[in-house]
Amino acid sequence: MVLTYIYIVAITAEGMSGALAAGRRNMDMFGVGLIAFVTALGGGTVRDMLLGHYPVSWTQHPAYIYLTISAGLCTMLVARYMRHLYKIFLVLDAMGLIAFTVIGCNVALELKYSTPVVIMAGMITGIFGGILRDILCQRVPVVLRHELYASVSMLVAMLYLLLIELGVDADITMLAAFGFGLALRLAAIRWSWSLPVFSYSPGRWE
Amino acid sequence: MVLTYIYIVAITAEGMSGALAAGRRNMDMFGVGLIAFVTALGGGTVRDMLLGHYPVSWTQHPAYIYLTISAGLCTMLVARYMRHLYKIFLVLDAMGLIAFTVIGCNVALELKYSTPVVIMAGMITGIFGGILRDILCQRVPVVLRHELYASVSMLVAMLYLLLIELGVDADITMLAAFGFGLALRLAAIRWSWSLPVFSYSPGRWE
Amino acid sequence: MVLTYIYIVAITAEGMSGALAAGRRNMDMFGVGLIAFVTALGGGTVRDMLLGHYPVSWTQHPAYIYLTISAGLCTMLVARYMRHLYKIFLVLDAMGLIAFTVIGCNVALELKYSTPVVIMAGMITGIFGGILRDILCQRVPVVLRHELYASVSMLVAMLYLLLIELGVDADITMLAAFGFGLALRLAAIRWSWSLPVFSYSPGRWE
């Protein structure tokens, strides 16, 4: 299925983004591999643990373990050239976000969770890998601060569920989710669309 | 049941505290909503995942998802006025701590865990939302450093189990837990009661 | 069984290392106890939650809760003398790493997970307590940056599985795992062996 191919490209791209974050903290090879693994597969892991969906997906697909760790280690070699590829990378990352979201929704749908939980499951799959990466690398999660990212995941999840609910053909639903999500995410990057920011300076109490 | 009403007030207050912490890190609306959600419902989620108590509570109560996220977003609007309300807020937060603790104990009791695990379950429900909030907002967990907070949760859990063990009436047990917990927490704030602090400066090794 | 004794010594040593990290952040007694607990038992907890291995181990052994928290609190009293003991401490920590790894592998083997997942389970048990300690104490996980540590866990897990696969006697397998692991870890400390570090300074994008 096409979704699987996109997923494989996506976890590779996410693994690479994890490796770069690890490199900013001067981690060793092992740390690079671990952060790559967590960034790529952590979102799905958190989703599975939250929903009680055992066995956790990657434990049944050892190939994903090897792939994400290898992607991280290879990134150590090619990092210097990556700035030339960053537009491609942003597209792959956006496709990954959408693929993760759709897959997360599917898992929760199969387990018969209610609609808001299905949307949360899609979003958690989409964004939690990046959040875990940022926690391990000591920075405030970037997905909660910059251009539309988590919101793209939420809107894709909503659109996906709506089309399923309306009985739209599965292929068209998938195309619509990817078309809409990619357009929104790339537009957000291009024109720096972002949500209102909340800045709060505590006074005496917090 | 009264405990449910207190719980609803409590998750609202915790959601607001999460939003303020997110605001200190200049997060966007989405980040504010997520941190509010995690602060309010994260403690119960960690407890459920630790105890194998599936489905995780909030997945069965979508209203709690909407409530905590809304509480976070509304906080963006009213933050400037909140310093005038902070005494009320501290009372609500203390009631939340106690309600979370009692609910956490009840979940572990139903699952027939042993007494020390029941106490841990109460404490985890009480304090882990705040710990996750602080991890996501990049600060050392405040509940592990300031006036008595986690200790209040522990003592409330112990008192609650003792009264149950003694066969005391359920309403009186609840009243005693809230009376004792509130008095202790508010006294700790008023007179800055705190536990001994351990300050360690590493030498050659850590 | 000897492994159990080593395990008990190991969680004590890990609890002490957690307490020292908490002391560097000026946490109160409660924080010291919690960080000690999480450092000692967090790796096994994460493993159990990932593998769906319920009930989580420590919930069935309240003695481990008391032991690790006590170890943390005692550390507050003896911290000033610990620098004189640090060589012993490093040996205990290395033995803990190996014991955790072997135990983690055993749990995953019992649950019939595939070989790469068994190795991951051993490593997660070995290193995640320290990673959680460092997240709670706001530092970049030390196990991902310094001398061979996580790699020792991985190699021990591989050796252990290989010897089991070859049908080697259980006692000899255990001896080999400890002998090899201790030698490697102590040599790594003695001669500062470490993996290549990946240092990446982001340009325009990250």
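Glycine residues also receive a Cβ, built from the backbone N, Cα and C atoms like all the rest.
Where the annotation comes from TrEMBL, it is an automatic prediction and has not been curated.
As given in TrEMBL:
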type	residues	note
TRANSMEM	A:6-23	transmembrane segment
DOMAIN	A:6-79	domain 'Glycine transporter'
TRANSMEM	A:30-51	transmembrane segment
TRANSMEM	A:63-81	transmembrane segment
TRANSMEM	A:88-109	transmembrane segment
DOMAIN	A:91-163	domain 'Glycine transporter'
TRANSMEM	A:115-136	transmembrane segment
TRANSMEM	A:148-168	transmembrane segment
TRANSMEM	A:174-193	transmembrane segment
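Nonlocal intrachain contacts for the transmembrane segment (A:148-168), taken as residues 6+ away from its ends with a CB within less than 8 angstroms of a stretch CB, comprise 94, 97-98, 100-102, 104-105, 109, 115, 118-119, 122-123, 126-127, 176-177, 180-181, 184-185, 188, 193-195. Spatially, the transmembrane segment (A:63-81) is not adjacent to the transmembrane segment (A:88-109); fewer than three Cβ-Cβ distances between them are under 8 Å for residues at least 6 apart in sequence. The highest tally of CB pairs under 8 A with the transmembrane segment (A:115-136), across A:6-23, A:30-51, A:88-109, A:174-193, is held by A:30-51.
Put simply, of A:6-23, A:30-51, A:174-193, the stretch with the most CB pairs closer than 8 A to the transmembrane segment (A:88-109) is A:6-23.
DSSP labels the residues of the domain 'Glycine transporter' (A:6-79) in these numbers: 64 helix, 1 strand, 9 coil. Here the domain 'Glycine transporter' (A:6-79) has a mean pLDDT of 93 out of 100. Per DSSP, the secondary structure of the domain 'Glycine transporter' (A:91-163) breaks down as 59 helix, 0 strand, 14 coil.
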